Amino acid sequence: MMQPSTSTNSIRPVRTRIAPSPTGFPHVGTAYIALFNLAFAKAHGGEFILRIEDTDQTRSTEQSEKMILDALRWVGLDWAEGPDIGGPHAPYRQSERSDIYKKHAEQLIENDHAFRCFCSSEELDAMRAEQMANGETPRYDGRCAHLAAEKTEQLVAEGKPHVIRMRVPTEGVCQVQDMLRGTVEIPWTQVDMQVLLKTDGMPTYHLANVVDDHLMDISHVMRGEEWLNSAPKHQLLYEYFGWEMPVLCHMPLLRNPDKSKLSKRKNPTSITYYRDAGVLPEALLNYLGRMGYSMPDEAEQFTLEEMIASFDIQRVSLGGPIFDIEKLNWLNSEWLRALTPEELKNKILEWASNSDKLTAIAAAIQPRIELLSDAVNWSGFYFQNLPDINAESFTHKSLTPEQIMDMLQLSLWQLEVLPTWSEENIYATLKGLAAHLDIKMRDFMAPFFIAIAGSTSSTPVMNSMAIIGADMTLTRLRHAVDVLGGLGKKKLKKLEKQAAELPDFLAAE
């Protein structure tokens with residue numbers, strides 16, 4: 001089996017990429033990986049590109065894609081090619097490249113490197129259940145891998161739904177070359193017969209990223225270390241196609257202060273949250289640049305240009321970098337203090353002067369003010385980070401603290417997965433949940449005024465949630481749950497079960 005090079009001194013021009021999925025909020029982890037891809041490419045006189053991995057059509061949204069692109073631009077990252085600016089390798093959305101993937105999947109079948117799998121989801125579930133009962137690692141057992149060609153053709157002709165899976169060796173070890181780790185050995189017995197093309201004709205990440213990286217001339221793939229165990233599949237696909245494989249570099253994952261994987265349950269993870277909270281883009285990019293990386297002069301404060309000028313990928317530490325909000329706030333304060341008063345004034349105006357947001361706030365407070373100075377009291381909570389609240393703030397004559405915490409947490413989970421953040425969807429969700437829990441709407445909404453505005457005397461709270469946006473709303477709701485004492489593991493598990501049984505409140509509208 002051919003072995004990819006780990007050298008950066010190749011004749012091949014350096015081209016790196018970031019390929020976010022538009023299925024949620026723009027994650028700081030995306031900016032972190034994008035930053036190191038950009039810095040590496042620029043340090044070697046190369047190019048950094050962006051493409052959108054929107055093969056999950058049930059979860060991908062245009063709103064999410066726009067949020068991701070806007071957030072990455074805001075933090076200071078630019079790309080040479082992408083869905084918003086075009087380029088010689090267009091289109092840059094995977095949903096617009098399905099014919100390309102289908103052609104390559106069929107090529108693999110023709111060369112006997114892949115096969116059609118007709119197993120139903122029920123069969124696959126039963127297979128996994130039996131394997132787990134026997135103490136085995138759940139994986140596809142290859143039952144369709146050796147179907148006779150005539151049988152396969154018959155099932156296809158009958159229109160039986162199927163996927164395309166890749167063939168993998170059943171014995172031996174795959175040697176993966178990684179820029180930070182050297183040679184990594186992964187037994188083929190740990191590698192599943194990966195689905196490459198789904199029943200809807202859309203590719204999985206594994207096929208799409210290999211095909212796109214090749215066709216877009218990507219020389220170095222720098223991604224999170226969670227993809228290391230998938231590298232054998234990708235390496236095998238490059239061999240099957242007869243293509244030169246990009247150099248691999250698996251970056252350490254960002255961690256919470258307790259060393260767990262960075263999670264929105266413990267820390268805000270959205271770029272837009274930090275923007276709305278008042279973190280400078282230069283400071284956030286600087287902080288992400290310090291995640292597992294050190295400058296040659298050990299400087300703590302540096303610009304993107306300074307990082308690129310001295311960039312060396314071997315200075316990345318494999319120890320899980322800790323994303324600590326307190327340290328980010330400290331670094332942001334250093335950037336703020338380095339500004340002149342004039343520069344600080346401009347930064348404040350730039351941060352607070354979102355025209356659409358100000359118009360929405362003005363409409364909300366207009367019926368409530370007599371003097372322009374009244375606007376300060378009515379609109380302050382729209383701009384603050386977290387309201388100054390405590391457990392006593394949530395005292396309610398009809399609801400216990402436990403009830404309040406439960407309904408806030410259930411609401412939080414429901415709101416996290418809204419396909420579009422709008423007042424209409426917020427209203428439908430909360431109204432449906434209140435009815436489901438048999439709580440009067442007035443009583444149900446009272447804790448939201450406290451969690452979002454810090455007071456029961458404020459503008460309409462669902463309108464306020466729409467204005468401050470999903471990231472800030474969800475962060476304030478998580479803060480409220482923490483203020484009320486937080487959820488223990490036993491209670492959390494019980495609530496998760498209850499949440500899984502909730503109906504789709506948007507579908508009921």
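Each residue, glycine too, has its Cβ placed from N, Cα and C.
In the structure as shown, the Cβ atom of Cys119 (Zn(2+) binding site) sits within 10 Å of 18 other Cβ atoms. For the recorded site, Cys119 (Zn(2+) binding site), the DSSP three-state label reads coil. Sequence annotations record features per position, and here Swiss-Prot assigns Zn(2+) binding site to Cys117, Cys119, Cys144, His146.
The ATP binding site annotation in Swiss-Prot covers Lys264, and the record cites sequence analysis as its basis. Other Cβ atoms within 10 Å of the Cβ of Lys264 (ATP binding site) number 18 in total over all chains.
The feature motif ''HIGH' region' is assigned by Swiss-Prot to 20-30, with sequence analysis given as support. Listed by sequence, the residues of this chain that lie at least six past the ends of the motif ''HIGH' region' (20-30) yet keep a Cβ under 8 A from its Cβ atoms are 50, 52-54, 56, 59-62, 64-65, 67-68, 70-72, 224, 253-254, 262, 269-274, 284, 288, 323, 470-471.
Swiss-Prot lists 261-265 with the feature motif ''KMSKS' region', giving sequence analysis as the kind of evidence. For the motif ''KMSKS' region' (261-265), residue counts in helix, strand and coil come to 0 helix, 1 strand, 4 coil, using DSSP.
For Cys117 (Zn(2+) binding site), the Cβ neighbour count at a 10 Å cut-off comes to 21, with all displayed protein chains included. Residues near His146 (Zn(2+) binding site) in space but far in sequence (CB under 8 A, at least 6 apart, same chain): none are found. In this structure the alpha carbons, written CA, of Cys117 (Zn(2+) binding site) and Lys264 (ATP binding site) are 37 Å apart.
For the motif ''HIGH' region' (20-30), the DSSP counts in helix, strand and coil order read 3 helix, 1 strand, 7 coil. Mean pLDDT of the predicted structure over the motif ''KMSKS' region' (261-265): 78.
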